[in-house]
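What follows is one structure encoded as structure tokens, with my remarks underneath.
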Amino acid sequence: MLRASLALALLALCGSAAATTYTQTYSTIQPATYTVSLGFNISGTVAPDPTPCTSFNTATSTCLPQVSVPDKDSVIITYSGPVTEGNTISIMTCFSNSSSMDRAWRKANAIIGKDKQCNVEKPMVKGLPTGEGTYTWTPGPNTPQSSYSIQVLEVVAGSNPTTYAAMGRSTGFFQIIPIDSRPSWLLGVVGGMCAVGPLTLAGFFVWEKMLKKEA
Amino acid sequence: MASSGSTTHVLCTALSALRLSSLLPWLAPPLLGLPTDPPPLTNARPCTMGADDSAHGASVASKTSPGSKAIAEAHEIGLDHDVPQFTVPVDSENKSKVLKIWSFQRPHHLSFHLSWMSFMIAFFATFAAPPMLPVIRDDLDLTKQDIGGAAIASVTGAVFSRILLGAVCDSYGPRYGHGVLQLLCASATFGMAAVSNSVGFIACRMIIGFSLATFVACQFWCSVMFTAKIVGTANAVAAGWGNMGAGLTHLIMPYILSGMEHIHPNFVAWRCAYMIPGSMQVIIGLAVLIFGQDLPDGNYGALRKIGKKDKAKTHMELLAAVKNYRTWLMVLSYGYCFGVELTVDNNIAPYLYDQFNLDLHLAGVLGAVFGLTNLFARALGGLLSDVLNKRFGMRGRIWCLWGVQSLGGVCSILMFYVDHSLGATMAVVVMWSLFVPMACGASYGIAPFITRRGLGVATGLIGAGGNAGSAVTQALFFTGANMTVAEGFLWMGVMILAVTATLGLLHFPMWGGMFTRGNPDITEEEYYSRDYTAAEREKGLHRAIMAWASESRSNRGFKEQLSKLSADLTTKANVANV
């Protein structure tokens with residue numbers, strides 16, 4: 001009885017997490033009707049129309065605009081396309097191919113809703129108006145170090161599952177410089193804690209030896 | 001108390017497996033603290049660590065032996081080292097005759113609890129990374145190969161450390177085995193918080209994985225603290241509860257991470273979360289050293305001082321284990337039950353997170369299901385092995401292992417076919433999580449009977465085989481970019497079925513195998529004596545295993561024992577008539 005109850009609870013938990021079935025593919029919204037251009041606010045300097053870099057040099061990373069999270073740099077996204085009443089615009093980051101390679105959790109998928117290369121399930125912003133618009137994205141502290149482009153999708157109003165009417169993608173990429181995830185205070189704590197185990201062991205042996213001498 | 005190799009202690013696992021069938025309901029008498037009845041088949045004491053353990057060249061302290069001077073002196077000054085007092089019923093070796101899981105009685109039950117807790121914390125620390133992997137892989141920019149390599153590293157280190165720790169326990173005691181391992185590996189656990197790339201991640205996971213060798217110390221310690229009739233229970237419960245650490249870490253680490261994320265960004269929070277398992281390792285390591293006791297009579301050092309403990313000699317034991325092909329068959333088989341368990345522990349939470357777009361907490365909770373069934377499933381496997389042994393002998397044990405392990409393989413294959421449905425996947429995971437630990441428990445219903453002289457080495461090799469199997473499986477199916485995780489489960493299941501089929505080659509001359517009958521004219525004494533050279537047999541060294549051989553006769557199964565008994569009685573009657 002207990003086992004059956006646990007099984008039912010488990011299945012209920014699974015049911016609550018059941019994923020929606022997506023079937024719409026990118027080919028249904030080709031060719032792209034939205035144009036997306038990027039500007040960058042880097043160290044306080046706005047570069048509204050930097051030379052787009054379409055090739056990413058993994059060794060030097062010199063080709064791409066470097067957007068620094070600690071310096072609170074931002075990406076200015078400008079999109080332009082047809083106006084459709086009721087529909088909304090979602091903007092999301094897309095990992096570059098080099099940042100997706102050998103990483104199945106960032107794998108591209110022809111089905112829009114299952115595409116993990118572009119974070120379709122987790123857009124940076126939703127509900128923007130169709131037509132023309134601008135959005136400034138300041139990458140948060142949890143943004144991984146990778147190179148990205150930007151994708152825009154027009155969401156059909158009231159659709160369930162979510163369906164898309166149009167798309168656009170920026171040319172070129174930019175690179176995120178992440179936060180320092182190893183601040184000096186953490187390194188100090190780690191150094192101290194790493195010594196605790198061996199010192200405790202050494203201290204125990206010394207104590208045991210002293211006890212034996214006394215005995 | 002004379003010396004005992006790891007052979008003696010792990011043999012108690014098997015002996016208790018023999019006993020369990022005569023103690024139905026098997027758990028009640030020892031757990032309720034009731035005295036256990038002597039075994040019906042023989043009056044021999046099977047699990048002696050004293051005079052009978054001459055396989056290790058040990059000697060019992062007597063009035064004329066060198067160690068007795070210290071004992072006599074101790075008596076003179078009023079210290080009665082020779083007669084310790086216990087609050088539980090003990091046998092002639094001062095091993096507890098009961099297992100009270102709610103008791104922290106010293107030294108037996110306190111050692112039991114320290115032992116399984118240490119093993120559990122080792123598992124907790126080793127598998128702390130997988131439930132946080134979605135965050136770690138973004139911070140360290142890991143690839144699938146890096147993650148697979150780290151998973152391999154986490155189980156590979158223990159292959160060698162498990163073999164080594166048998167010798168450490170023999171020479172220095174299980175207390176030092178646990179304590180040293182936990183306190184040193186804690187440095188790597190804390191060090192994980194400072195890694196900046198895949199190399200550091202892999203190195204730390206490898207060193208933390210060394211702590212999985214506490215399995216050997218855990219089994220060793222239970223074997224020296226509990227008498228033969230219940231040592232299998234104690235070992236199975238301790239091993240199962242220890243393995244549960246993998247499930248607990250999947251359950252708890254996401255919540256620790258969440259708590260840290262309230263204060264720090266994700267990429268700092270996971271590093272801070274690693275302080276928890278590291279601290280647990282320091283605490284348990286120190287607790288084991290301070291509160292634990294190696295043997296019922298005292299610690300190794302004190303006992304050596306008064307001549308009650310000698311060092312074990314292990315080269316002949318090693319040979320006895322290594323030259324027996326059954327050891328290697330079981331190494332292979334255990335690699336595909338315990339090895340599978342380790343592999344799934346490394347992959348299940350990230351798989352659920354990526355495949356079904358779950359959040360970290362839910363993926364951790366669901367992934368924890370696989371490890372948490374160790375609470376009862378491993379002991380259940382041992383029990384099933386004992387039940388089948390009672391009726392069908394060793395053939396029943398082998399068929400039991402083949403059956404549950406094959407079902408584990410089927411579940412692994414099914415994981416591929418249900419990868420579209422979370423509910424179906426979890427239904428398969430629940431069944432899978434029963435069969436895999438059951439196979440582990442059933443494995444140790446067979447392992448102790450392979451060789452008596454090389455018992456400790458054999459069981460240590462088999463344990464290490466589990467880790468080796470996991471390393472191979474991880475490398476073959478879960479590291480390359482060309483195979484999805486679901487496909488990996490499919491091919492792992494095929495491999496489980498193929499390897500499990502090799503159990504058909506396992507044959508004991510006196511008991512038979514899956515497809516072969518045993519020869520009733522070959523005695524257990526003959527089989528176990530083969531591990532001794534002719535010269536050693538002439539000296540009578542092989543007599544150390546006679547009691548054990550007699551006890552192991554229950555592996556002939558009920559029908560055969562009955563027919564042999566009938567034949568013996570008939571012979572005696574004929575002789576009497578003549």
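Residue numbers in this text run from 1 along the chain shown.
Cβ coordinates come from backbone N, Cα and C, glycine included.
In TrEMBL, annotation is done automatically, which means it is predicted and not curated.
Noted in TrEMBL for the protein shown:
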- B:1-33: signal peptide (SIGNAL)
- B:37-65: region 'Disordered' (REGION)
- B:114-135: transmembrane segment (TRANSMEM)
- B:147-168: transmembrane segment (TRANSMEM)
- B:180-203: transmembrane segment (TRANSMEM)
- B:210-232: transmembrane segment (TRANSMEM)
- B:238-257: transmembrane segment (TRANSMEM)
- B:269-291: transmembrane segment (TRANSMEM)
- B:360-377: transmembrane segment (TRANSMEM)
- B:398-418: transmembrane segment (TRANSMEM)
- B:424-447: transmembrane segment (TRANSMEM)
- B:454-477: transmembrane segment (TRANSMEM)
- B:489-508: transmembrane segment (TRANSMEM)
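For the transmembrane segment (B:424-447), the most Cβ-contacting stretch among B:147-168, B:210-232, B:238-257, B:360-377 is B:360-377 (pairs under 8 Å). Scored on C-beta pairs under 8 angstroms, the neighbour of the transmembrane segment (B:269-291) with the top count among B:147-168, B:180-203, B:238-257, B:360-377, B:398-418 is B:180-203. Of the ranges B:147-168, B:180-203, B:210-232, B:360-377, B:489-508, the one with the most Cβ pairs under 8 Å to the transmembrane segment (B:454-477) is B:147-168. In terms of C-beta pairs under 8 Å, the stretch of B:147-168, B:180-203, B:210-232, B:238-257, B:398-418 lying closest in packing to the transmembrane segment (B:114-135) is B:238-257. Residues 118, 121-122, 125, 128-129, 136, 140-143, 146, 149-150, 153, 161, 165, 168, 210-211, 213-214, 217, 271-272, 274-275, 277-279, 281-282, 284-286, 288 of the same chain lie 6 or more positions beyond the ends of the transmembrane segment (B:180-203) yet place their CB under 8 Å from a CB of it. Residues 333, 336-337, 340, 381, 384-385, 388, 392, 424-425, 427-429, 431-432, 435-436, 438-439, 442-443, 445-446, 486-487, 489-490, 492-497, 500-501, 503-504, 506, 513-514 of the same chain, all 6+ positions outside the transmembrane segment (B:398-418), place their C-beta atoms under 8 angstroms from a C-beta of that stretch.
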